[in-house]
Amino acid sequence: MTLLQTAEQIQTMQIRGAGKIAREAVSALRDHAETLPHTGDASLFIREMEHAAGILLATRPTAVSLPNAIQMVMRDVRTARTEDAARRILREKADAFIWSSRTAIDRIAAMGANHIPDGSVIMTHCNSKAALGCILEAKRQGKDIEVYATEVRPWNQGRLTIKTLNDNEIPTTYIVDSAVRSMMKDVDLVIVGADAITVNGAVVNKIGTSQIALCASEARKNVIVTAETYKFAPRTILGELIQIEERAQNEVLPDDIAAGLPYVRVKNPVFDVTPAEYIDMIITEAGALPPHLAYTIMREYLGWGFDELQNQFLGTLTGSEFR
Ligand SMILES: O=P(O)(O)OC[C@H]1O[C@H](OP(=O)(O)O)[C@H](O)[C@@H]1O
């Protein structure tokens, strides 16, 4: 698959899920480098790769795993002295990211399963590899668990989730998104993934997550977020907001129906923000932490503290790059 095809598949959601988007983008960058002719000109190679990275970055705006992964791969490529060195660094960093991303999900699954007591009824939302990893690991350990899975309009990612749960023989109840509050009394805990986590511990995830967290808080049920460290958004340290993706109206209301309703407009934001106070714990591969320790992850694991960010970025980036 070419880099442009990967970008298109991310944009059209054939490739989806924050972690997978990052892994596929990095692998597309690595493969794209192999298609570029060897010229001996390091700066030409780096320019071409920056252009390719820009195409991938423009596909979807919210999941911060995408810019973080590209930054991890491209950071040292930019300062390589020779073309050969740039190519080698790019290959090594891309392979290392893909490997560590998969390892992170396994570690999160192991830690998350520890927080699922035997006999639990879990509610999950959307289709998160990290969240499902914890549920599947709990099942593998022999725990007797049940899951409530939401539909996740308009893309119905819940169908992917119930397929995985069913394949693993986990008793599952499938509900429409608006049934969450009614059903919360039957649930013991909520486990979801994340597309981005801000410095104040707010979690950006599939639209509807914040309602679930609110209902869980009202019913005094724990909310666990599972997120690899590359889903933390360092640039929020400087006050930047995460851009919430809005997708096409016809994903919600078909064009032929909308055409007959001239006074109706459709809004289709696909992510929302859950404030830290509704989240009990964020499980990362570096450990389980309360949301207000998000800055520690950014500093210790992503290597971006306030000073580094100021030196690196202030005044050099445009609004859209700055997230
Ligand atoms: O990385 P993993 O845990 O798989 O998924 C994280 C999140 O990415 C997904 O976004 P989308 O379906 O691509 O819009 C969902 O919001 C999900 O919770």
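Any Cβ shown, glycine's included, is placed from N, Cα and C.
Summary of the site annotation: TrEMBL records substrate binding at Arg16, Gly17, Ala18, Gly19, Ser128, Lys129, Ala130, Asn205, Lys206, Lys231. Screening the candidates Arg60, Arg87, Arg88 against this entry identifies Arg60 as the one listed for that site. Farthest C-alpha pair in the substrate-binding residues Arg16, Gly17, Ala18, Gly19, Arg60, Ser128, Lys129, Ala130, Asn205, Lys206, Lys231: 20 Å apart. Ligand 1 lies within reach of Ala18, Asp195 from the recorded positions Ala18, Arg60, Asp195, Lys231, judged by a C-beta closer than 6 angstroms to any of its atoms.
For Ala18 (substrate binding site), applying a Cβ distance below 8 Å and a minimum sequence separation of six or more within one chain yields Ala63, Val64, Ser65, Leu66, Gly193, Ala194, Asp195, Ala196, Lys231. Distance noted between the C-alpha atoms of Asn205 (substrate binding site) and Cys126 (active site, proton acceptor) is 9 Å. With respect to their backbone Cα atoms, Cys126 (active site, proton acceptor) and Arg16 (substrate binding site) stand 11 Å from each other. Of all the recorded positions listed here (Cys126, Lys129, Asp195, Asn205, Lys231), the one with the fewest other CB atoms within 10 A of its own CB is Lys129. Sorted by the number of other CB atoms within 10 A, the binding-site residues Arg16, Arg60 start with Arg16, the lowest.
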